[in-house]
Amino acid sequence: MDDYKYQDNYEGYAPNDGYYRGNESNPEEDAQSDVTEGHDEEDEIYEGEYQGIPHPDDVKAKQAKMAPSRADGLRGQADLMAERMEDEEQLAHQYETIIDECGHGRFQWILFFVLGLALMADGVEVFVVSFVLPSAEKDMCLSSSKKGMLGWGFSMGTNYHFHSWRVFVIICALPCTVSMVALRFMPESPRFLLEMGKHDEAWMILKQVHDTNMRAKGAPEKVFTVSHIKIPKQMDEFIEIQSSTGTWYQRWLVRFKTTFKQVWDNALYCVMGPYRTNTLILAVVWFTMALSYYGLTVWFPDMIRYFQDEAYKSKMKVFFGEHVYGATINFTMENQIHQRGKLVNDKFTKMYFKHVLFEDTFFDECYFEDVTSTDTYFKNCTIESTIFYNTDLYEHKFINCRFINTTFLEQKEGCHMDFEQDNDFLIYLVSFLGSLSVLPGNIISALLMDRVGRLKMIGGSMLISAVCCFFLFFGNSESAMIGWQCLFCGTSIAAWNALDVITVELYPTNQRATAFGILNGLCKFGAILGNTIFASFVGITKVVPILLAAASLVGGGLIALRLPETREQVLM
């Protein structure tokens, strides 16, 4: 009602909006009072003022006033960024001088040992499962669909076998465990602390490095002369709620959001910022290296196992139309095929069938007792008046067979699947030789890294490795495959070393770990993809794995040459 009274007094206002429309509908337009006479349109009353709504003209004026201040803010941010970059450049040169004063000695060797253990753990995490599965599935009685259930638990049945794969897993877990403990006793990176503005903490750690090395060199009296280290301009501060403020949930949430924002900003800076071109090239190189290297590293043992199987099958004995009456068989029958035979009143006791096939065979009044088997099947057989007692000849081993008055008594418990019982010692030996072959490559790459340069080492190593891939066409035996594996691993490790170095040197300190993490994650994806693709062609063809690995190495090596050389560059 008050609104309508107000509108009656000022009839020039429409009831549905607050803007003045003139007196065109008022017949007494010329009879204005002294108050309204000479009234300017710009001084007219704006109804929105009574409702707390600013006039559009006032909004425009306010925005016009704020525009210079916003521009000043942006210019101030740009100035801060430029100042920080200048500070970082000064810090980079000063830090090199400080490290020279700290020297190289005991502290660095301890650090190398701890990081070496962590690197060992990282090196085996991708392909250890592929080595373990063929042997582990035998002990755990896992089908192909259940292999992915391994880090959850399993039942060992009635028997327990401590095979070599268990020792292999324990040994592979040791570097990770020891490095986790050792890293707890190592100090934080002083360069990182300086980037975060923590001058005193960084200075104390650098002094610790200096004193440790000087004591080891027999000069404990030598004083650390650095008193002040340049700190870059701090752009943002980490938001933290004190323990006395808010609830534990609020403090955790603020910490999580702030950390996530920092990580997200760093990731965007690496992917979309000034380093996006380098990140894209490095991503391609990391992926191609992982696809080819890890794919072939797992493919080699699979091919050796395939050659073993082929050599085994070539020695298979075939018996056709054999008739056996009243015999007692208590020895191992291995790698045999029996076709269209007839066995009458025969006893099979305390024996082992290994890779045996009975096809179109007639069994009459036979007796099987305490029999175990591996990869043994009865196909299109007729079994009459026969007793199976305490055997592992289960239903799935009889294919299209006809049973007449046949009895199965007290079948063996435990695993019902057919697996080899060998320890696959040769496979682990091959893996060990492949890993050992990278030692010369590591030494050579360490000596030539600064002389040759990072780019030439990456490109040259990847191209030489691609050439080695083509020699795999001539690897038709176990010994040849082992030799080519050692050659491939020895030549490709130089590319890995140079790739690690150039990745570190291409990014500033506050972005380096994020960039390395992104690229390393992509590397793991390429490794898993390589394992899957290469393993699927074992026993089918060697052409696809070899050509895919060679093409990946050539493409990645050529693309790597587009990266900037960092040999003479000071770390930012």
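The backbone N, Cα and C atoms fix where each Cβ goes, and this holds for glycine too.
The region 'Disordered' feature in TrEMBL is assigned to 1-41. The feature transmembrane segment is assigned by TrEMBL to 109-133, 165-186, 280-300, 425-448, 455-475, 481-502, 514-537, 543-563. Under the heading domain 'SV2A/B/C luminal', TrEMBL lists 317-408.
The stretch in 425-448, 455-475, 514-537 that contributes the largest number of Cβ pairs under 8 Å to the transmembrane segment (481-502) is 455-475. Recorded stretches compared: 280-300, 425-448, 514-537; the one with the most Cβ pairs under 8 Å to the transmembrane segment (455-475) is 280-300. Between the transmembrane segment (280-300) and the stretches 165-186, 425-448, 514-537, the greatest number of Cβ pairs separated by less than 8 Å involves 514-537.
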